[in-house]
Amino acid sequence: MKGAEIIAAFVLLALASSLASASDPSPLQDFCVAINDAKNGVFVNGKFCKDPKLANAEDFFFSGLNKQGNTSNQLGSKVTPVNVEQIPGLNTLGISLARVDYAPYGGLNPPHTHPRATEILVVVEGTLYVGFVTSNPDNRLITKVLYPGDVFVFPVGLIHFQFNIGNTNAVAFAGLSSQNPGVITIANAVFGSNPAINPEVLAKAFQLDKNIVNQLQSRFWWNNN
């Protein structure tokens with residue numbers, strides 16, 4: 001009987017270990033301010049950490065989210081991120097922020113994903129048509145029209161977008177559940193990869209003529225590179 005109990009205990013420990021490794025460990029100190037100097041830091045979660053005794057207010061500060069982003073581009077949108085690259089003190093804290101500006105009459109934050117974060121978006125100006133697509137096999141589109149004060153959530157890893165359907169500028173702020181959420185813009189990644197994906201692969205995947213794929217790749221590769 002004792003042998004069975006010991007085996008059961010080992011099984012439970014193994015299960016607990018596998019569950020614990022499925023997410024990032026909790027920080028074991030108050031903060032871990034990121035620095036680029038490998039000589040004076042310890043590597044933690046993608047960044048080298050400054051000696052906590054040398055941390056100061058500037059390590060936890062960013063200014064500028066009150067400024068309108070320049071939407072004079074093909075998409076008519078501008079994302080101003082505030083992640084670990086802008087605030088070193090965010091390192092290991094699992095949170096970040098972004099401001100998104102949208103031009104009138106069709107400013108678009110195009111279909112994209114955040115591989116490491118769920119996003120919660122609040123609209124402060126304008127009217128946005130937003131949505132995300134669920135994973136295979138359903139690929140269900142879930143959408144909503146948002147007005148100032150409205151909040152919408154985009155689950156981690158799912159393709160999502162925001163589109164300004166109003167005739168004025170729109171502004172939204174997004175909170176993300178990672179200090180470095182990452183972003184994969186679908187069209188840029190598929191048609192603008194470097195080196196380019198074999199056109200025959202994309203032609204078959206998207207059921208397009210190869211010449212159309214070549215045109216798309218030339219356009220997106222030029223924009224990306």
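Even glycines carry a Cβ here, placed using N, Cα and C.
On its own chain, Asn109 (oxalate binding site) has Leu75, Ser77, Val79, Val100, Tyr102, Phe161, Gln162, Phe163 as residues at least 6 apart in sequence with a Cβ closer than 8 Å to its own Cβ. Annotated oxalate binding site per TrEMBL: Asn109, His114, Glu119, in sequence order.
If you look up TrEMBL, you'll see His112, His114, Glu119, His160 marked as Mn(2+) binding site. Sequence-distant neighbours of Glu119 (oxalate binding site) (same chain, 6+ apart, CB under 8 A from its CB) are Val153, Phe154, His160, Ala174, Gly175, Leu176, Ser177, Pro181.
As annotated by TrEMBL, disulfide bond applies to Cys32-Cys49.
Marked as domain 'Cupin type-1' by TrEMBL: 63-214.
What TrEMBL records for 1-22 is signal peptide.
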Legend entry - Asn109, His114, Glu119 excluded, remaining Cβ within 8 Å of their centroid (oxalate): Ala98, His112, Thr113, Ala117, Leu121, Phe154, His160, Ala174, Leu176, Pro181, Val183
Inset, instruction - Pick the one among the disulfide-bonded residues Cys32, Cys49 whose Cβ has the fewest other Cβ atoms within 10 Å in this structure. - result: Cys49
Legend entry - Fewest other Cβ within 10 angstroms of its own Cβ, chosen from the binding-site residues His112, His114: His112
Inset, instruction - Compute the average pLDDT of the predicted model within the domain 'Cupin type-1' (63-214). - result: 97
Inset, instruction - List, in sequence order, the residues of the same chain other than His112, His114, Glu119, His160 whose Cβ lies within 8 Å of the centroid of the Cβ atoms of the recorded Mn(2+) site. - result: Thr113, Ala117, Phe132, Phe154, Leu158, Ile159, Pro181, Val183
